[in-house]
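Trainee: Annotation comment: TrEMBL describes H72, G113, H114, S115, G145, A146, N173, Y284, E365 as thiamine diphosphate binding site. The Mg(2+) binding site feature in TrEMBL is assigned to D144, N173. Under the heading domain 'Transketolase-like pyrimidine-binding', TrEMBL lists 314-479.
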Amino acid sequence: MLLEQINQPSDLKRLKVEQLPTLAQEIRQYLIEQLSATGGHLAPNLGVVELTIALHYMYNSPDDKFLFDVGHQAYVHKILTGRKDRFHTLRQYQGLCGFVKRSESEHDVWEAGHSSTSLSAAMGMALARDYKGESNKVVAIIGDGALTGGMAFEALNHIGHEKSNLMVVLNDNEMSIAPNVGAMHNYLSKIRSDRTYVKAKEELEQLLKKIPAIGGKLAKTAERVKDGFKYLVVQGMLFEEFGFTYLGPVDGHDVSKLLETFEQANRVEGPVLVHVMTTKGKGYSPAEADSHKWHGITPYKIESGQVMKAVGNPMYTEVFGNVLMELASQDERIVAVTPAMPGGSGLLKFAEKFPGRMIDVGIAEQHAATMCAALAIEGMKPIFAVYSTFLQRAYDQVVHDICRQDANVIFAIDRAGFVGPDGETHQGVYDIAFMRHIPNMVMMMPKDENELRRMMKTAVDYNEGPISVRYPRINGTGAVIDQELTPIPIGQWEIVRKGDSAAILAIGPMIPVAEEASELLKREGLNIRVINARYIKPLDEEMLLQLAKEHLPMVVLEEACLAGGLGSAVLEFYATHHIFNQIVYPIGVPDYFVEHGSIKEQRAEAGLTAEHLVEEMRALLYSRGDNRLSRA
Ligand SMILES: Cc1ncc(C[n+]2csc(CCOP(=O)(O)OP(=O)(O)O)c2C)c(N)n1
Ligand SMILES: CC(=O)[C@@H](O)[C@H](O)COP(=O)(O)O
Ligand SMILES: [Mg+2]
């Protein structure tokens, strides 16, 4: 087995070129086997086996810098750079990260998780290199999906201006997570499929090769003829217009062709873009057949391709998708907008049922947000379906275009809270902090799937301005679904458990945690009130004033960053109402990035467990010598 000999890129370089396809096959098999146990981004990585081998064979990482866009397709890179033996820990607590991670290896020079950042980073690294008078290569590997991200265009524009030496490898597999969308995608498809261009280009290259070894002027003329040819056959080669030398399209599964093209690229002065054509899921038929499903996959049976689905109640995402269809059938103003996540956001059935009313804008959260503002101002009911973590990308558009204009946009914020294996780049723990402080924003979080349905109805009925519902990446609680869809009065909280020793204000999946803690403390004679603080904004001011009147010490519990979260809002409320003797103890995600693992492990690490809550409440109450304890 060649793979057994490979622990560092230097080992790879000892192989002959003709051995590389065998190595690729072994790595492919290794990925299929490993990920059948761990799950992960199988299809993207199967598509870049030969590409990654060719890059490490041609260039000298880490001096030559590889910047993987999104970074979900860097498993082969990790295998070739000494992490094969840890692969069984992929995306597990304190195991290998599923994305590029600088603390894991010197070969991981740039981290991501969010899309479309690699070209900007490549520009920065190339400029730094030039300032330092160094000469290493800078290579960004970006997918056709990531290329639809606005940042990528900003970087292309600047790179073409600076004309620094850097290489962009465009990994074009015609897929984002779902089939890719947009004019850029159509353009790339034209190049990919324009056999005339590809064939004529090959014939021209053969012809040029036949001309006796030419140097000097004639060689330059020949190059100019070839370049001019591109304009003839493929008008306005977009990348050439951006100041790049465009090479390709090249078969991304043919290592020799890739090496040949990289050789050619090495001779180019200035920015060069190598257009590589790959198949997402290459070499594993279930993944090739449905690379949308196999983009990110849970453990599976190799032979049958049967995925081991976590059993349980429907995910909140599915409940959202279903209630949205109910609402949309009653209100034709409703349109759903997704930035490249139709599947993950639960909108596939909606798209089928309401053709034309699900708009996938590509990886373009900023564009999506501002477009929703305009849709709302023109009387539509836009549902901006977006993961909490990816909403971060559109913060200014939420402030400047949606809230400031009081546009009636409905935010369906999925993956709110910990997300598990995707880890620190994907945790949905900041949206409360960055949304609640914006004027005109209303923000809710349901305690269960029945409340999610009611909140979506509340949001659709609300016509005053922007309104958000956030919900987690977990299964529902199994709550009874009442078909009524009764709206929930804006700003109204709910007491889910009575008590007069202290109170826990909790939201979403923290409510069962609060109830469990309350049950445990009951054995010590403490009757803890549990409140479903389901409106993060506006707060239930009446209930807060009542709690103060009762002098009930309280904990505010949220699976969101402590800084700026719901606990902060409650503290702000009492302070600004000159109520200075009310005890408020906020418990949330501490001030650091919580890495990959299971949601359970992440909550345990962050102290969001009933056991930890009990400790904190004991400390809070006993330390005060609270006279209520005398009843214990
Ligand atoms: C800002 C942002 N939005 C959305 C995503 C979710 N996402 C992860 S990978 C991906 C598709 C990437 O497509 P492409 O770049 O073509 O890579 P491929 O998976 O096809 O190899 C998307 C939309 C993200 N990571 N970052
Ligand atoms: C790499 C990336 O950003 C997406 O593939 C993300 O991992 C999807 O997350 P879900 O699995 O929660 O849909
Ligand atoms: Mg792609």
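Cβ atoms are placed via backbone N, Cα and C, with glycine included.
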Trainee: Where the criterion is a Cβ under 6 Å from an atom of ligand 3, which of the binding-site residues H114, D144, G145, N173, E365 meet it?
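Mentor: List returned for ligand 3: D144, G145, N173.
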Trainee: Is any of H72, G145, N173 (binding-site residues) within Cβ reach of ligand 2, i.e. under 6 A, and which?
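Mentor: Going through H72, G145, N173 in sequence order, those close to ligand 2 turn out to be H72.
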Trainee: If you measure C-alpha to C-alpha, which of H72, H114, N173, E365 (binding-site residues) come within 10 angstroms of D144 (Mg(2+) binding site)?
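Mentor: Those close enough are N173.
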Trainee: Three states by DSSP: which one describes E365 (thiamine diphosphate binding site)?
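Mentor: The three-state answer is helix.
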Trainee: Using only the Cα atoms of H72, G113, H114, S115, G145, A146, N173, Y284, E365, which the record gives as binding thiamine diphosphate, return the largest interatomic distance in Å, rounded to a whole number.
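Mentor: The thiamine diphosphate-binding residues span at most 32 Å between Cα atoms.
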Trainee: Across the whole of the domain 'Transketolase-like pyrimidine-binding' (314-479), what does the mean pLDDT come to? Round it, please.
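Mentor: Here the mean pLDDT over the domain 'Transketolase-like pyrimidine-binding' (314-479) amounts to 98.
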Trainee: Over all shown protein chains, what is the count of other CB atoms within 10 A of the CB belonging to H72 (thiamine diphosphate binding site)?
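Mentor: Its Cβ has 25 other Cβ atoms within 10 Å.
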Trainee: Just how many other Cβ atoms lie inside 10 Å of the Cβ on H114 (thiamine diphosphate binding site)?
Mentor: 21
Trainee: Let me check the 10 A CB neighbour count of D144 (Mg(2+) binding site). How many other CB atoms are there?
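Mentor: Other Cβ atoms found within 10 Å: 26.
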